[in-house]
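Single-structure report; data block below.
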């Protein structure tokens with residue numbers, strides 16, 4: 001740190017212990033100056049020769065023969081006035097970055113200009129600032145920090161602007177010319193670990209200045225960053241790194257995505273300023289930092305404009321995000337645990353970039369302007385879209401654990417990435433299964449719409465094994481999973497595809513998703529939507545073993561396993577159809593009979609018996625038809 005000594009006489013200021021300061025001198029004091037409760041007993045001649053303010057005040061008090069002057073409004077208080085008084089007496093005064101602003105403002109208040117006396121205090125301080133302090137990196141930052149208590153006078157004296165300009169100029173210097181000390185704690189360089197103290201002995205990073213600027217208050221920090229952007233062409237990554245460092249330093253808990261209790265107004269100002277200072281270049285800041293800013297914006301209840309700006313920026317690089325970073329807590333008073341709507345906006349912004357269009361203005365033959373909208377190819381790579389789909393699938397699994405999350409919000413987020421072709425739907429299946437597990441009371445329509453999102457053909461063998469044994473899924477989905485696993489096993493061994501009953505097979509082959517059966521009659525829809533009973537689930541579970549045996553056995557054994565599996569599926573569907581028809585007949589004409597001797601339990605037992613009979617009939621009838629059909633094809 002640089003300093004300057006002014007004067008040559010010894011310091012002869014004394015105190016009597018009662019806030020009274022005096023100069024030890026043979027001459028008695030002839031003027032008393034009061035400064036905020038402290039009294040200075042001094043002499044007129046040295047003070048009046050350099051201070052125009054005291055001359056004016058003393059001339060007005062002499063008329064009443066009063067030699068007491070009150071200057072409690074002087075900047076810097078008693079300490080700054082004492083420094084100015086010592087300069088008037090010629091005593092040694094030491095100025096540094098810590099007290100130069102207070103002394104400069106006090107000298108301005110006292111009117112210690114060159115017009116009063118050549119070589120006055122103001123002139124000497126200005127020379128010290130321009131020739132020494134403003135040429136030092138850390139001293140300039142300290143001087144700028146000390147101007148805060150003396151606003152607006154320090155601003156009027158251009159001390160603030162001069163400091164900001166000096167700091168920005170230093171930050172824009174080529175790194176090869178950086179020869180001063182700075183704070184940089186990101187990583188220890190090899191030269192530092194070996195004990196090398198010379199700055200020239202190591203490479204200077206481009207963001208060498210970012211940590212030192214974190215000492216500034218947000219209003220000064222904003223002005224310095226803006227000045228840096230104006231003075232030199234720095235990469236957006238450097239500015240982004242500076243904003244990131246400031247956020248981590250100034251916002252408690254920001255690195256962990258939380259906001260500790262404190263001055264919310266101050267935190268809000270910092271967050272909104274950081275968002276405003278974000279570089280325009282894409283990828284100048286990481287997606288993780290942007291999401292932390294968005295979480296902080298939500299916590300301090302910033303305006304929608306700030307949120308929308310962050311949503312647009314995050315949507316441009318969503319492929320960099322992780323699932324944990326997308327878990328944005330809802331504001332207080334919200335029913336849901338996470339702000340799902342905000343994440344959906346981000347996903348929609350990401351997908352919007354893949355649907356760009358361009359308006360081209362042309363002149364026709366008559367001279368009129370004609371606008372033509374041309375669709376341009378998307379700018380998103382397949383890898384980026386797959387990464388986003390993977391993250392959203394994991395995000396869906398996590399938010400599905402919230403018991404208060406409506407099914408509509410879960411489905412809306414999942415549907416926002418349905419246009420992305422994914423090689424596997426295992427993660428989506430896990431998310432749907434988690435939601436069904438945590439929300440057993442959802443409606444049949446919601447369950448249908450949710451299962452429609454999943455393509456059974458893209459489930460792995462492990463996922464298929466789990467799905468067939470999953471009693472939370474509708475029977476229709478279970479049958480689809482089993483059928484497509486049969487098809488996959490048949491294709492891998494070169495055997496023929498197993499047959500299904502007419503209508504059901506056509507529907508399954510035409511689509512692999514759950515919601516593609518609009519042409520199926522209503523009665524069939526009800527049968528599909530039904531959840532399998534315990535007996536039916538046990539029958540379906542046994543088919544998984546057959547799927548694995550198919551690959552190990554030959555073509556003949558596979559055909560037999562396929563026939564058996566499909567026959568059992570038929571029997572399950574037939575049993576439900578017979579049961580459904582019986583219930584319909586009873587509801588139309590058997591109301592009185594049901595109210596008579598037979599109760600609900602007797603009806604159920606009859607239905608179960610009918611189902612068993614239908615199963616036996618299907619088991620004996622259908623395999624022969626399937627085998628006959630296979631022979632005719634071969």
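Going from the start of the chain as shown, residues are counted 1 onward.
Using N, Cα and C of the backbone, Cβ positions are placed for all residues, glycine too.
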Practice prompt. Kindly point out the range from 466-491, 492-517, 518-543 that Swiss-Prot annotates with region 'Disordered'.
Written response: 492-517
Worksheet item: Once near-sequence residues are set aside, which residues in the chain of residue 429 (phosphotyrosine), 6 or more away, have Cβ atoms under 8 Å from its Cβ?
Response: 454, 459, 463, 466, 467
Discussion item. Return the average pLDDT for the domain 'NPH3' (207-488) as a whole number.
Written reply: 87
